[in-house]
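Okay, structure first, notes after.
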Amino acid sequence: MTTGFLQKIFGSRNQRLVKQYQKTVTTINALETQIEKLTDDQLRGKTDEFRQRVAAGESLDKLLPEAFAVCREASRRVLKMRHFDVQMIGGMVLHYGKIAEMRTGEGKTLVATLPVYLNALAGRGVHVVTVNDYLAQRDAEWMARLYNFLGLSVGINLSGMEHDQKQQAYAADITYGTNNEFGFDYLRDNMVYETDARVQRALNFAVVDEVDSILIDEARTPLIISGQAEDHTELYVRMNALPPLLERQIGEEKADGTGVEKPGDYTLDEKARQVFLTESGHEKAERLLAEWGLIGEGESLYAPQNITLMHHVYAALRAHTLFHKDQHYVVQNGEVVIVDEFTGRLMAGRRWSDGLHQAVEAKEHVKIQSENQTLASITFQNYFRMYAKLAGMTGTADTEAYEFNEIYGLETVVIPTNRPPKRIDKQDQIYKTAKERYDAVIRDIRDCYERGQPVLVGTTSIENSELLSHLLKQAGLPHEVLNAKQHEREAAIVAEAGRPKRVTIATNMAGRGTDIVLGGNAEKQAAFIEADEAIPADEKARRIQQLHDEWETLHEQVKAAGGLHIIGTERHESRRIDNQLRGRAGRQGDPGSSRFYLSLDDPLLRIFAGDRVRSIMDRLKMPEGEAIEAGIVTRSIESAQRKVEARNFDIRKQLLEYDDVSNDQRKVIYQQRNELLEAHDITETITAMRHGVVTEVVRQFVPEGSIEEQWDVPELEEALRNDWQLDLAIQEMVNESSSITAEEILDAVMTAADEQYEAKVAMVGRESFSAFERSVMLQTVDRLWREHLAALDHLRQGIHLRGYAQKNPKQEYKREAFELFAAMLEAIKQEVTRVVMNVQIQSPEQLEQAAEQIEERGGHLENVEYQHADYAEAGAPVANVAVAAAATATADMVGSAMTHSGPGGEMPKVGRNDPCPCGSGKKYKQCHGKLS
């Protein structure tokens, strides 16, 4: 109550910010007359003037009014578009590192030009991030005219580009690209063997378009670069025969033994998207696997020799019970292609991890591709948090404002619309069955069609969109289908969706990023005519003019019919996705309407609110085809959505907490790797490693401060001979001197190791040997890092079970991840020392050839795949999902106290007495700083 009272007096935080920015807009508007008088050359010259002022120490904040005024005037001249005042406010929100929520059609692409121009003046690069290559290329080509006019260079970073093209794109003042490609480039830059092979500069400022899609929807999905691992193709095929032989149990057994409606072999938890074998299911699976010869007669699935089979059993079960064709994936050209559950788009090249994809391939009887080993990985959460400044824009962020602030430290500011919205959002209609719901949808579409009103129908899956398309064909209603299967025709379909009598079916937000203009998008159609080389120039001009004349008539006709009507055939589990669908109507003050049609069979209602609503319908004795339309029901659905959103937020937050463990490690390992690349001579590092390993080996057989009776000299001599080809007569030294100490033996071994090392260096020269050492070190770090990632992945699979032992899974994961990491560091030191000490050298040329072979083996991996693997979709338990990113992200640690500005941004200097970033609690110098 107090908060509401204070808001009435002082206004909300959002209102105060907008008011504050409005004052700056007044300052910018006052400069407009003066800027308008400048010639094109003088306007372009302002960029050089601004750059000099920034170089002289003037802040970008102080420069903002002039820079925004110049950018607005340049846009008016080049693009024939002048930024509205509310767009200037949006530009300021982005410059100050916040999220701007702007309604559909308010010109987000144009808004971005203001902060992008201002921040590009500093010369440190600006990244504009979009959700797909089409939007990146469209926006870059569209806005490049403005930036080039102002003297700034623009690069486009697309998947499949050549290395040189990528370097040029990143060297430009402004770089457009997709979130996936920016993330993969960061990972690839940390796998190179030469400094000039990197493409990215330090991560300075990013403007993320559709920020909710990238930072919220895809936050659970790490970017993974992987290579082929061991082949289990035959096992997936044989295991595929198991799920059809098992029956689902209906109901959950309670403590008193009741609750099971129908006994079975496995239970499904749709809410958590998990599948579990029951006791009888285990017995049946074991019996069948024994019959097929996969396990011994009478053996348990949990026997040590069979434990890996459990992975295949559950992968096959999840593939058959939780993942459905044309909903979660499609089969295209003999391959299983994932459908993004948030956008409905096909995710070509992306694969589920943990063997799930292979299990689905076996289920669909297509060629099974080999399992992969993770080479490098990062989550979007941790990638985008590395930027010095981050901003974003979207049409729907306010429902997730808390998460943006909590996870990324980004405040959300709702930007006022340029014209007041006129869209009418009607109450949901809820039917008993899906058939009744679709009958009502068809009636509504027919009514709109007869009145000449365009309709956009949103569905939650490809399967539903094709079902509705079939029903519309039966009803004789012409329509277009816009889903992942028609991706290529997407732009053309969206361009026409606002014409009279046009019916368009879209999965979720397919076509997002393109406005639906009432009367049809004449500009888009004009562009198609312009691009057709077969049409003569005068004919093009005539047709384009005719298009614009027709559009005026159609535009007024559609407005009179009520504008675009949105029909939702199901509620998504996120209110934000529903709001995005609604937001397609009523752009820039146009009329429009929306309504959702639901049935009690919908997953959201069935899981969260079905029983309550069904009892209301039964009590009211509602006849078939009659709908409930009441605020109380709509509110209960929104309450269910809030529960799901809260649960998903908890999953993402938990995932981040696990991922932070490995993220610190990744930063340090990548920092160390970059230092190795840039160092001309790593002798000191190699010497420190050798001394550490030699000391450890000697101490195993001759402990510090021990007496002769405790020594095992013969074993020490054998270890030195086998490991490093050091033939030392230590027993003779002991026999000759009765007073020899453990320290003297260590010194003798150390001296011999140093002499052998120096002899190798002398044969080929310091520079050649140092280059060889660097290659060995990089290849060893990369190989053991990959093995470490696999170990962490294995660790995350079962860490949630520690909760049953009254232990905190996060703390246990942190502790064991550190132990694994420490073991990896020891292995790196031992492996590098072993290779360097054992290498047989005849000539510098031979050494150079060996270094090249090492780099080739490490740097040119065959069958490398770039995955955006959703662990949550793989049906892992919630706690397990959360660990997923941590496991994939721990690409992290060889430690070094040196500082380096690497390709992925400024790496913080770790002081010798600072806590070690690995989380052990020790000082850096006593932990991973030892390596350097």
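Quick reminder: no glycine exception, Cβ is built from N, Cα and C everywhere.
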Candidate from Q87, Q525 that Swiss-Prot assigns to the same ATP site as G105, E106, G107, K108, T109, D515: Q87
Residues Q87, G105, E106, G107, K108, T109, D515 [recorded ATP binders]: greatest CA to CA distance in Å: 17
Lowest local Cβ density among G105, G107, which the record lists as binding-site residues, within 10 Å: G107
Residues satisfying Cβ distance under 8 Å from E106 (ATP binding site), sequence separation of at least 6: V86, Q87, G90, I415, T417, N418, R587, Q588
Per DSSP, three-state class assigned to D515 (ATP binding site): coil
Long-range Cβ environment of D515 (ATP binding site), under 8 Å and at least 6 residues apart: T104, G105, N521, R587
Least surrounded among the binding-site residues, given as Q87, T109, when other CB atoms within 10 Å are counted: T109
